[in-house]
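Quick look at what TrEMBL lists:
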- C:Cys249: active site, cysteine persulfide intermediate (ACT_SITE)
- C:Cys106, C:Cys138: heme c 1 binding site (BINDING)
- C:Cys202, C:Cys205, C:His206, C:Cys249: heme c 2 binding site (BINDING)
- C:Arg245: substrate binding site (BINDING)
- C:182-288: domain 'Cytochrome c' (DOMAIN)
- C:1-29: signal peptide (SIGNAL)
Amino acid sequence: MSDVEFSATRRLILQGAGAVALIGLGNLPFLTSALAAANDKYPEEAFKQKSDADVIKTLYGKTAEPSDKVKMDAPEIAENGAVVPISVSTTLTDVTSVAFLVSENPNVLIAKYNIPAGTLPNVANRIKMAKTSNVTVLVEAGGKLYSASKEVKVTVGGCGG
Amino acid sequence: MRNLMPKSALVLILVAAGAISASAAGSEDDFKTAYAAAEAANKEAGKLRNQWTTTANTLAAAKKAADAGDFDKATASAKEAEALAKASIFQATSEKTRWREMEIR
Amino acid sequence: MKLRSAIYLASAALSLALLTLASTLPSDAADKVDPVADAKAFKKFFTDKFPKVKLEDFVNGPYSMNEDLYKQWQDKEQFPPYEFSLEMGKEMFSKPFKNGKTYADCFENGGIGVRQNYPYFDAKEGKVITLELALNRCREANGEAPYSYVRDEMAALTAYMAFTSRGKPMDIKIPDDPRALAAYENGKEYFYTRRGQLNFSCATCHVQSPGERIRAEILAPALGIVNAMPIYRSEWSGMGTTSRRFTTCNSQIRGVPLSPQDDEYRNVEYYLSYVSNGLPISGPGARP
Amino acid sequence: MASTIRVRATSSGETTEVQALIQHPMDSGFVKNAKGETIPPHFIQQLTFEHDGKNVFTADWGGGISKDPYVKFTFKGGKKGDELKIGWVDNKGATDTTTAKIQ
């Protein structure tokens, strides 16, 4: 990979992050190639949105339809808002991405996972929740957008996390 | 959690409340006297291995008010701190035998 | 018995007077120190209170009392948050001191699989030695500065030593020595003594109310609570030692904590560990 | 310094389940420290997994992912002994990469 490509990829990933010290990054050729291969720009704008609707609009530009084929596994009461285990699985086919949204967090979008062909649409992660909130998972499949939501109660807020 | 505050807590609160109401308008001397008494009581609580964080906080508040020249407030805080320290002494003393009431046997 | 109810009913002043009297009486008149009976009663109390929880599961703290929590814990245990601390502990444990010796030189069996024997009563010194204290003494004996008892390095070392001892039953011994019995009894007294402005004892939360929520936290049962140490608490966003647990418990009830490893803390650990004898070591643990 | 990335990848024959845990503060930028000062945002933005020269999973993360983040996913294929390459980059430009063998 040439230096030109390298720095172009860096700029893509780090837009807005300002000056970056490129020291001790010995392993970068793989990383940049991997990130370039993902062919996905980090959705900086979507991560700044303050409502479910704005996240969905910024990230996908279409509306989501609730589906019982999207299964979200989340606790009723989070043991601590700093670490809430949440996972998704779906029987939908041709899934290209999934995303997790927490309506009451200062920034609603938590994570977006890009699912290439050959990777199953099952993802688990641990998220922060500031307070009791609706949690929504979006599944992009066959060019359409599906969703499932659940309220998770939080008694100890996770913004301290 | 209703049962977590046993009767002795009421006693402690009464002890504390009685002492607070005794506060009076104060000069710097009043403050110094009250502060010294509070510190002495808190030191005794320390010997009993039972100081309260609230005593330390109230002592600090008293000192802060005194530094700002508000001796009324400083004296009142010092007296409150003394009451808290005395309540902690009472607690430590009575618990010397009362702890057995809770024991699993 | 009469004395006890009298105190209960007496006014503050009167009870103070009575107590002065009481303290001059031999305090163990009716209460001969009997650790074996204590441990039996302690286990019976918890197994009666939570008939569905298996004895060995009490070491899993609040997770043993609540299904929703249990599931979240299982999810977390797939890749537990104490993983990094554990690795750091393993690395630290094998790295030689400046004099070339290692922690292994200070412990029986090279420190592997020995967590269940701590704390122990040292007859020479006449006091209780905890694992945390033993680790710092090991450092000092080898010319190294001791670690803070409440910080990450101590948590990492004890996490590793607990991990190598997982599943081994807690095995605390009380030698036939009046000083050992006195230390045990002092630990028990500390455990049940109410303190702080909130007037809570350790037992208020961890005997009377395990499984219940206090503010937002679910309380752990006292039985087996030490078997899981050290712990990664989500609330702390990090690891905590037994020392950290004791001192923060004290400040939460508005009591000024003692210094880590003061007599009372070592003794209460001795007491709690002894009454949890037979339950497996499960540390390092993860807690809300 | 040890890697910030821990990976467990297990093949069932048909699929490979991958779990990763990364040491990172994941500061959201909404939290104040003890002095009342806001802790500036510092979080991983992108995490990628590559198997056999092909991307199998990419995570785009914000500050709402927990400290020391964890993720689990499954992909078709992958044999025991195969290598996985994992790398992340955060909002300050720091990165780390590692490789892990499928068990």
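Including glycine, each Cβ sits where the backbone N, Cα and C put it.
Restricting the binding-site residues C:Cys106, C:Cys202, C:His206 to those with a CA within 10 Å of the CA of C:Cys249 (active site, cysteine persulfide intermediate) leaves C:Cys202, listed by sequence position. Residues C:Cys202, C:Cys205, C:His206, C:Cys249 make up the record's heme c 2 site, and a Cβ search at 8 Å around their centroid adds C:Phe200, C:Ser201, C:Ala203, C:Thr204, C:Leu219, C:Ala222 from the same chain. Considering other CB atoms within 10 Å as the measure, the emptiest surroundings among the recorded positions C:Cys138, C:Cys202, C:Cys205, C:Cys249 are those of C:Cys249.
If you take the Cα of C:Cys106 (heme c 1 binding site) and the Cα of C:Arg245 (substrate binding site), they are about 25 angstrom apart, rounded to a whole number.
If you take the Cα of C:Cys138 (heme c 1 binding site) and the Cα of C:Arg245 (substrate binding site), they are about 23 angstrom apart, rounded to a whole number. Listed in sequence order, C:Met229, C:Ile231 are the same-chain residues at least 6 apart in sequence whose CB falls under 8 Å from the CB of the residue listed as 'substrate binding site'. Looking just at the domain 'Cytochrome c' (C:182-288), the mean pLDDT is 93. It is C:Cys106, among the binding-site residues C:Cys106, C:His206, whose Cβ has the fewest other Cβ atoms within 10 Å in the structure shown.
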